[in-house]
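Below: one structure, written as structure tokens.
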Amino acid sequence: MAPIILDHMGNDQNEYIKQHVQVKNPYLDTMEEDILYHFSLSTKTHNLPEMFGDIKFVCVGGSANRMKAFAQFIHQELELPGNPEEVRDICEGTDRYCMYKVGPVLSLSHGMGVPSISIMLHELIKLLHHAQCSDVVLIRLGTSGGVGLAPGTVVVTNKAVDYSFLPQFEQVVLGKVITRSTELDEGVANELLQCSAELQSFPTMIGNTMCTHDFYEGQGRLDGALCSFSHEEKLEYLRKAYEAGVRNIEMESTVFAAMCRVCGVKAAVVCVALLNRFDGDQITSPHDVLVEYQQRPQVLVSHFIKKRLGHIV
């Protein structure tokens, strides 16, 4: 059966700029209460517009600890009142995700892989919709494996591509394959690249990001519990990826890009490469070096947010 192609952005990609975050589900309007189960929030028990209506930037990442650290970091960068160490986890009633609100910035964890971030995104987009948020930018901050890049290089994603290097995400719905476009907002990507040029702190580039289903076999690693291919086959696949414009590999970007695009939300993916996959599979850099690498997307996105808010001229 041929896949169904869905792309709801319309001809003018700027149409949504002054619109509220949209959901594409008519059944939500018929519900007396919408329980955001994995956030431990609800439209009946929480005043979502009051809690979240001023959100303009949503930053998400896999690690709960890392996103708490980002919340504390952006609190300091925006020079907000109060103690950054006392930021509160809004999702403390559940152990699935963490969520911190810092002024107009929301910092959330999404776990690891497409299924985990997909669940989070459904509830996040509904949350932003119920809160009547507008002009929101979603940014995924993460780590990745570089393809032909030096460790520590930050990649701002141009297109999120699948295992065959196509800019699409395939979702099975009621036994049918739904194919959605994974193109990200070019304007936001260019703004981030310009911010990197202003910082001049670490190498940054725009490139395609390949999203895989797992960390080992799906990424051509030779060090997993299972391996059915040779070292030469691995290198050949990486060479093909590089030729297709892929500069890093991770496990969430396609569904992130697809869902944001369908719901008319500007989005970007900013990941640091922890290693060059042409050189090996295991991450061997010292802990302090890895910590500094992981802070690079946070520093870049912080500069972007401060510039958007007028804190930097």
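Every residue gets a Cβ built from N, Cα and C, even glycine.
Any TrEMBL annotation is an automated prediction that lacks curation.
What TrEMBL records for 56-306 is domain 'Nucleoside phosphorylase'. Per-residue confidence over the domain 'Nucleoside phosphorylase' (56-306) averages 97 (mean pLDDT, predicted model).
TrEMBL lists Cys91-Cys98 with the feature disulfide bond. Sequence-distant contacts (6 or more apart, same chain, Cβ under 8 Å) of Cys98 (disulfide bond) comprise Ala64, Met67, Lys68, Asp89, Cys91, Leu108, Ser109.
When other Cβ atoms within 10 Å of the Cβ of Arg96 (phosphate binding site) are tallied across all protein chains shown, the result is 17. Here TrEMBL flags Arg96, Arg140, Leu141, Gly142, Thr143 as phosphate binding site.
Remark: Gln219 (substrate binding site) has Gly145, Thr212, Ile249, Arg277 as non-local neighbours, by Cβ distance under 8 Å and separation of at least 6 in sequence. The substrate binding site annotation in TrEMBL covers Gln219, Arg221.
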Using a 10 Å cut-off on Cβ-Cβ distances across all protein chains shown, tell me which of the binding-site residues (Arg140, Arg221) has the largest neighbour count.
Arg140
Inside 10 Å of the Cβ of Thr143 (phosphate binding site), count up the other Cβ atoms and send me the figure.
21
Are there residues of the same chain, six or more positions away from Leu141 (phosphate binding site), whose CB falls under 8 angstroms from its CB, and which are they?
Cys59, Val60, Gly61, Arg66, Met67, Phe70, Val270, Cys271, Pro297, Gln298, Val301
